[in-house]
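Undergrad: Below: one structure in structure tokens.
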Amino acid sequence: MTTVRQRRVGKGTEAAEDQPSEEKDAKPDGKILSDHTGGKLWNILSVTVGGIVAVSLGLLTSVYVATLHENDLWFSNIKEVEREISFRTECGLYYSYYKQMIQAASIQQGLHGLVYDNKTESVRTINILERMNVYQEVFLSILYRILPIQQYLEPVYFYIYTLFGLQAVYVIALYVTSWLLSGTWLSGLLAACWYITNRIDTTRVEFTIPLRENWALPFFAVQIAAITYLLRTHLQPVQERLTLTAVFIATFLFSLTWQFNQFMMLIQALALFILDCFDMLPTAKVMWLYIIQISGLLLVCVLQFFNSMILGSLLISFNASVLIARTIQKNLKKGNLLNRLGKLILHVLLVLCLTLLINKFIKKMLNLESDEHIFKFLKAKFGFGATRDFDANLYLCEEAFGLLPLNTFSRLSDTLLFYIYIFVLFLMTVAAVIVAFRNLSGSKQVQFMEKMEECTVTLKPDAAYNLIHTVLFGCLALSTMRMKYLWTSHMCVFASFGLCSTEVWKLVLKCIHLYTSQRTHVIKYSIPIITVLYISYKFWPGIMDELSELREFYDPDTVELMNWIKSNTPNTAVFAGSMQLLAGVKLCTGRTLTNHPHYEDKNLRERTKQIYQIYAKRSPEDVYRILRSFGTDYVILEDSICYERRHSRGCRLRDLLDIANGHIMDGLGENEPDLEPSLFPRFCEEIKKNLPSYTIHFTRVFQNKTFHVYKLAKHK
């Protein structure tokens, strides 16, 4: 714990008060023992009650989101095909591998089918366990097969109940983190209440159940709780070893369940790096955390058959660079202010250069290009030049990858969360700046602090870590809306910790000359209790109304399409179309796909761009040649894409294809000067006219209000 405080000036009266009379001090040994025993019993009772409250809130959250899911879809009453269609886009793709493992003749055959898969990408055999993070589906399917529950629980319920159960783990982890930071389980109670009442902005598990983040974020929350405990002072060696083990297990499970793990842990590593540079964390523990991150990721790499995206990750390069740099610069934390600032700048430059060199070397040696689309997207997003790259624009035009909408803050403010978060963040940031300056100056003197009359600034290592964590993930959320769930859940923890923290209220009261120990304790407990009561009073009726609102799944056009495919096409048929729809085709029908939504592969991205020429201005001969090169038997055209109105001009899928192909976009508006009119009309519109140049290659075999399915002719 790093503390900067005002030097105490002795006064006669205070000295007298500090020296109690012998009569007051003279307590019988029995009385001292009784007080000690009473305090111990009170602590045990408090921990027991706090633990019961944590588990209860976790279970209630699970039941809450499960009930919302049931009420929204009437999941228990709809047909199996409707249940599967409800797993939209990539969710359906991931669930299809669980279903495939369940339906396999044996576990060995199921695993063989995943390792040598030829139905996810036509005319290619790929290793699903290498390409995708689906070990959780494998584990659950094996568990379902070996447990005696088949007669009582359908596979789909075993799957979704597991995900809803993980929400209990998530809430308990948030609760424990807040409790560890503040020292009172009342803080955890407030964090859990905020998580539930801000559900729209803290989780989307009830309508995107199989999404990778819903598996990963509970383990990430457990990891943060373990790191928070690890950074406490005066841990016993056994406690430290057990906590490091817990951090490793949580890090490994988080890495195993989400393909974006490396980017989240890179931000976490940056937080550790910043704090270590300013001497706000124990260096030995920081080094252990770097090693744990690398070890966890490399273990996942082995399990994923040496996945190239992991080997070429910036996280491994960065952590290795920090460890090398710390070995070279052993006297980084010695010297005066200017000396240390110079060393620090040199250290940062050394780590940055080493990271780029190591990463470039690894990618060059292994010829890795798996994540290049992410860097193209980031380059375009932050204004480093316009791009016509189809993949980058596909991300840029999606709302989920845009800036965080302002109405998010109004929703968070309704529960008082955002206001309190900003208040705590401001105080903690000021404390961090003061402590960092003192650490860099290397001075034990407190003349600087004498200007802050009777103020005490305290910043424990665990609080310092959570401060930088929330700042960095806040920046990520502000820049990319999809990542807000990493921030908003931690926002609940951080705000509740600040509201229940003795150090925060002590600092505030001392700065306004109102500090007393009793007043601090009254505020520390009364304000959180009032906040919980306010949240309960304001939002309980709304939660009850939400739980009583009943709706039903309704998508007759997609159901009709899936039933037609199962009844009228051979099991070996290959389907082309949008990647979102094809994920559902694989899950509901088991047919072979040309492309799918798991976009972390360069060949697949090129393939998807080619398949999407069905929505571009291309000749029927070109489209037919492209589709047949991927073994396509049927192509599905969607009116919602062909005549899209959801996005503005320039962001519709057909516009992105026109720009990438060098063609002028449809509709009124400006075009870049070097774009030219296409020689051909838009394929998805023209094919519906049944002109001879189209019917020679494509025959319509199915049609409803949303979908048009065409069978490709097999010319010799």
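The backbone N, Cα and C atoms fix where each Cβ goes, and this holds for glycine too.
The feature compositional bias 'Basic residues' is assigned by TrEMBL to 1-10. According to TrEMBL, the feature compositional bias 'Basic and acidic residues' maps to 21-30. Taken from TrEMBL, the feature region 'Disordered' applies to 1-30. What TrEMBL lists as transmembrane segment is 41-66, 179-197, 217-235, 242-258, 264-281, 312-329, 341-362, 416-441, 462-481, 487-509, 521-540.
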Undergrad: Counting only CB pairs under 8 A, let me know which of 242-258, 312-329, 462-481 has the most with the transmembrane segment (487-509).
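TA: Ranked by Cβ pairs under 8 Å, first place goes to 462-481.
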Undergrad: Mark yes when the transmembrane segment (341-362) and the transmembrane segment (462-481) have three or more Cβ pairs under 8 Å (sequence separation 6 or more) and no when they do not.
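TA: No; fewer than 3 Cβ pairs under 8 Å.
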Undergrad: Tell me if the transmembrane segment (264-281) touches the transmembrane segment (416-441). I count contact as 3 or more CB pairs below 8 A, with pairs 6 or more residues apart.
TA: yes
Undergrad: For the transmembrane segment (217-235), which recorded stretch in the set 179-197, 264-281, 312-329, 341-362, 521-540 gives the largest number of Cβ pairs separated by under 8 Å?
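TA: Per the Cβ count, the answer is 179-197.
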Undergrad: Output the single range from 41-66, 264-281, 312-329, 521-540 maximising the number of Cβ pairs under 8 Å to the transmembrane segment (179-197).
TA: 41-66
Undergrad: Using a threshold of three or more Cβ pairs below 8 Å, and leaving out pairs closer than 6 in sequence, do the transmembrane segment (264-281) and the transmembrane segment (312-329) count as in contact?
TA: yes
